[in-house]
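*Asks:* Before anything else, here's the structure in question.
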Amino acid sequence: MTASVSNTQNKLNELLDAIRQEFLQVSQEANTYRLQNQKDYDFKMNQQLAEMQQIRNTVYELELTHRKMKDAYEEEIKHLKLGLEQRDHQIASLTVQQQRQQQQQQQVQQHLQQQQQQLAAASASVPVAQQPPATTSATATPAANTTTGSPSAFPVQASRPNLVGSQLPTTTLPVVSSNAQQQLPQQQLQQQQLQQQQPPPQVSVAPLSNTAINGSPTSKETTTLPSVKAPESTLKETEPENNNTSKINDTGSATTATTTTATETEIKPKEEDATPASLHQDHYLVPYNQRANHSKPIPPFLLDLDSQSVPDALKKQTNDYYILYNPALPREIDVELHKSLDHTSVVCCVKFSNDGEYLATGCNKTTQVYRVSDGSLVARLSDDSAANNHRNSITENNTTTSTDNNTMTTTTTTTITTTAMTSAAELAKDVENLNTSSSPSSDLYIRSVCFSPDGKFLATGAEDRLIRIWDIENRKIVMILQGHEQDIYSLDYFPSGDKLVSGSGDRTVRIWDLRTGQCSLTLSIEDGVTTVAVSPGDGKYIAAGSLDRAVRVWDSETGFLVERLDSENESGTGHKDSVYSVVFTRDGQSVVSGSLDRSVKLWNLQNANNKSDSKTPNSGTCEVTYIGHKDFVLSVATTQNDEYILSGSKDRGVLFWDKKSGNPLLMLQGHRNSVISVAVANGSPLGPEYNVFATGSGDCKARIWKYKKIAPN
């Protein structure tokens, strides 16, 4: 009995072991199959992603080649058109000159025939008077130059008769030579001249042969056609060198003087009438139908920024700043300096927290966080190892070498000049001569700062190609994002707070997943990226400006290019130089861009947001071009209600623009160097009465400003 039970137990254990072995075998096969499939899946996925990236790069290269070829063809066509226009102009000028010469020759021949007929009739009907005494002249025509037998010629021995009561002059008939005109009776010529005066005032007569009138002696006291007085320079240029040139007689000169005086009298009232109109040129407003045009004059009040010459009603002046108001518009904004924050170096960027309570600034090696209400320093963030790592990365990396003139050259990209790539900070650095105090590698400028939506974290981008995520309260780095191959110039958080977009000189825009610290999407373009922005609300779109003068808008989920806003649009209203700042309007329907071409532009994106109708402009069109800055535009921002646009420039000024009309409302001069960065605060950190904005400058200052709307005077 016991043996039977034992055998049964052993058999059961064997069966269980067999089942266990079978289960383990199946599990191993399943794991092997899963791993193999996972590897195949990952391999195929990576291969497809690589192919997509290759296709995208190929498309971008083709696009770049197309643009270059198009530019070359357009330049060649431009030169050819210019050549054709010049040739047509020359042909037209020659045709007009030939016609005038023919008309003048016909008129001279007619005058000669009429005078010959009159003289012939007079000599046939009136007895010959006593011959006047012969006159000797150095300009008399030699006998060898005369020809006998001409039907209309007079004998050499005969002289013109003296006619009693006749209006004919008693002077002898001159020979018409090169650059001289045939004589006519004075009173008759004066009448003809007054009736037939035509421009140009100095008539050029085609040369005639000395044998036109046979035997007619020449005299120094000759008479010519009176003509309208020409400018002295014209007379000097057209004065013939022939000694036989005729002179204008006293009567002709009197007629000329009278005509000239009358002409001047007619011109002077026109000039006097134009003077009052010029007084109103200071009141220039942009015509509504020219809002998008790039070629517009700068409003006159912005041309001369000397506050001493401006009336008190059109300015506000203190020891630290002054404001010039547009005289053509009512004064509706009052701006005051709230706090001035001194820094040890150039302030490259300023950015408010989402609630507007804090302001972050970036300068050399450090990032500061200030409380807006009182300007107190909340935190100073600095990575002590950053400068050393930055220096080592430059000296140890074989693919990157540092050269003079602040130029970085890499083996995989084209040469990028720091001054061209980062005029915002580098222009100020050049002015301050910062690179003379230390080697370029010892500087580590914080190019961009951005608060997380909840205000707990701060992202910073710098020259060492790293993005640091700081815990503001603990003043510690919680994450470092690596992947860019050149300086990082711009950052922006997504509204959800779990993603970040960055733009770099390595010609890429990258979207980072902050939950994993990995790059989730890379967008490549043909030139360096200078600025990026995320659309408000859902963060559906990202915009980027670059050195190729274009603003691109992508779908942040798919990476598809939605819009390309540049000078190649149908209207030709795009930027003419590199774009250095972009920002979405608060409603997300438009993009504002600032460029080195000294302009600010407002681009319509309503069709891209699927909210367009027949009354709205086409997607991607430039609605307004704001002209007023006299140097590079380095930063742009919009107010909370999108009523105004602010722009900072290398001309040291901040302009308030009326968004709809395109007119500048005021110019704020509050810095002694380039205004590199401008930011507008959300909320009301200084109370409901004031709105707040901040500026960062190459004068090593960041300033917090407050403004409010006032009732028009």
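The count begins at 1 with the first shown residue.
Note that Cβ sites are derived from N, Cα and C of the backbone, with glycine treated the same way.
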*Asks:* Looking at Ser216, Ser439, which is the one Swiss-Prot tags with phosphoserine?
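*Replies:* With Swiss-Prot as the source, phosphoserine is noted for Ser439.
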*Asks:* Excluding the flanking five residues on each side, which residues at least 6 beyond the ends of the repeat 'WD 4' (524-555) place their CB within less than 8 Å of a CB in that stretch?
*Replies:* 53, 56-57, 60-61, 63-64, 416, 420-422, 486, 489-496, 499, 501-509, 511, 561-567, 574-584, 586-588, 591, 593, 595, 597, 603, 605, 608
*Asks:* Quickly jot the same-chain residues contacting the repeat 'WD 3' (483-513) by Cβ under 8 Å, restricted to those at least six beyond its ends, or write none.
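*Replies:* That would be 408, 410, 412-413, 416, 418, 421-422, 447-454, 459-463, 465-467, 519-534, 536-539, 542, 544, 546, 554, 556.
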*Asks:* Top stretch among 574-604, 628-658, 670-706 for CB pairs under 8 A with the repeat 'WD 1' (342-371)?
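*Replies:* Looking only at 574-604, 628-658, 670-706, the most contacts with the repeat 'WD 1' (342-371) come from 670-706.
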*Asks:* Quick one: mean pLDDT on the repeat 'WD 3' (483-513)?
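*Replies:* Result for the repeat 'WD 3' (483-513): average pLDDT 96.
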*Asks:* Counting only residues 6 or more past its boundaries, what in the same chain has a CB within less than 8 Å of a CB in the repeat 'WD 6' (628-658)?
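*Replies:* Residues 298-299, 302, 305, 329, 333, 335, 423-424, 427, 580-583, 585-587, 592-596, 598-600, 602, 664-680, 682, 691, 693, 695, 697.
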